[in-house]
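Structure record follows, encoded as structure tokens.
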Amino acid sequence: MSDIKKVVLAYSGGLDTSVILKWLQDVYKCEVVTFTADLGQGEELEPARAKALKAGIKPKNIYIDDVREEFVRDFVFPMFRANTVYEGEYLLGTSIARPLIAKRLIEIVNETGADAICHGATGKGNDQVRFELGAYALKPGIKVIAPWREWDLMSREKLMAYAEKHGIEIDMKHKKGGSPYSMDANLLHISYEGRHLEDPAAEAEESMWRWTVSPEKAPNKAEYLDLEFAKGDVVAVNGKKLKAHEVLALLNELGGKHGIGRLDLVENRYVGMKSRGCYETPGGTILLRAHRAIESVTLDREVAHLKDDLMPRYASLVYNGYWWSPERKALQVLIDHTQQTVNGVVRLKLYKGNVIVVGRDSKTDSLFDSTIATFEDDAGAYDQRDAGGFIKLNALRLRIAANLAGRKAGKPVAKKAAAKPVTKAVPKAVAKPVTKAVAKAAEKPVAAKATAKPVKAPVKKPIAKKKG
């Protein structure tokens, strides 16, 4: 342990990382640099600075960075261009924040000359994988300290006891009723784990939810919302141009007011176990619905289907911590290329937990052609007779398979009606132009042909005999 002289700690000021800070000082006897990221979690971050100072951290070794714009612009928006959802439900609010934190940890290591990084992820979770894969991808030789894989403080109760023993200030409001929820928040979502949520059959308490009202208590009047997209990203809300992080903050506010974005799920962790978590993702829920709506009129069918095929793989890469991997980067290039035409406006209606698409339009890139799609007279824009051949060609393999199945089952196979012989049309002679000479000739009476005289047979003469 003595070879580590300085470590950069991902520090939130909460229970886990406050205990880790003291533990690093006691066990590793090293200099600690703290990094606290402002990801839009909605908490005052200055208390984290005060806690770090109280723990003996030098002011120059305390980093508190506002990374909200970078987070949404370079991580959340690229992920939503892919319509990313993990296992059909989870919008990856925690997962997508980890690669940015790992990136900033390595940058601070390079700035301060630190030997290692340290994180507060448990040995059971996904975050340990995400932090460390990111760190190794960006700085292959970096050392990593993961206290949960080293110490004997294996429960939140033991953490609180350690904190009390060493005079570490923590929120103790749940002390009598049990451990507090394990929560993680950023501009995209807030998550809840632990306590009675460890029973997947138990309903979450209403008092747990922080960002959204219950749909039952949401306003009785719907609210309309216009989102403008440019190359797959929202750039304006109700006609007002906004920065990326401002867009998501506003959508969180509007969605929370209407009870949008609550989620209770059991997910499959990368380490192999199932885990129950509750999430509030109001802005992300609105963003996903709107993005799919604008793509519905601006993306070619096969391109859209290809994106849908690739999305689960992309989601797994993000969830499992492979944001900085070559395969995720390659997929991103493809996805971003598809977004060049994803421009336009989507109109939504927010009502009691629902995001309802009521309109979508692109003045420059819409592939929706009403002259072809109409149920009225299309003036020949689409020849419906063409559909017959299209259907027969696409049915060919189905008919062949059905015939084969019939033969195997011993059923008579319907014979195809014999085709009628095709007669070749005799080409009509092309009429020659009538000349004056021909016309005059036509006016003269036609002379009757002379009757052919009968041909007389030749008379044979007798052959004279020779004298003896």
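Including glycine, each Cβ sits where the backbone N, Cα and C put it.
Residues or ranges marked as ATP binding site in Swiss-Prot: Ala10, Tyr11, Ser12, Gly13, Gly14, Leu15, Asp16, Thr17, Ser18, Ala37, Gly120. Note: Asp16 (ATP binding site) has non-local neighbours Gly120, Leu159, i.e. same-chain residues 6+ apart with C-beta under 8 A of its own C-beta.
In the three-state DSSP assignment, the secondary structure recorded for Glu267 (L-citrulline binding site) is strand. Positions annotated as L-citrulline binding site by Swiss-Prot: Tyr90, Ser95, Asn126, Arg130, Ser182, Ser191, Glu267, Tyr279.
Under the heading L-aspartate binding site, Swiss-Prot lists Thr122, Asn126, Asp127, citing sequence analysis as support. Around Asp127 (L-aspartate binding site), taking its Cβ as the centre, 20 other Cβ atoms fall within 10 Å, counting all chains.
Per Swiss-Prot, the feature compositional bias 'Low complexity' maps to 445-457.
Among the features that Swiss-Prot reports, region 'Disordered' is placed at 445-468.
Positions annotated as compositional bias 'Basic residues' by Swiss-Prot: 458-468.
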Most Cβ neighbours inside 10 Å, all chains, among the binding-site residues Gly14, Gly120: Gly120
Pairwise Cα distance maximum in Å, L-citrulline-binding residues per record: Tyr90, Ser95, Asn126, Arg130, Ser182, Ser191, Glu267, Tyr279: 19
For the binding-site residues Ser18, Asn126, the one whose C-beta sees the most other C-beta atoms within 10 angstroms: Ser18
Candidate nearest Glu267 (L-citrulline binding site) in space, where candidates are the binding-site residues Ser12, Ser18, Thr122, Asp127 and distance is Cα-Cα: Asp127
When distances run from the Cα of Ala10 (ATP binding site) to each of the binding-site residues Tyr90, Thr122, Ser182, Ser191, Tyr279, the nearest one: Thr122
Site of maximum Cβ density within 10 Å, from binding-site residues Ser12, Ser95, Ser182, Ser191: Ser95
Length of the line joining the Cα atoms of Ser182 (L-citrulline binding site) and Gly14 (ATP binding site), in Å: 10
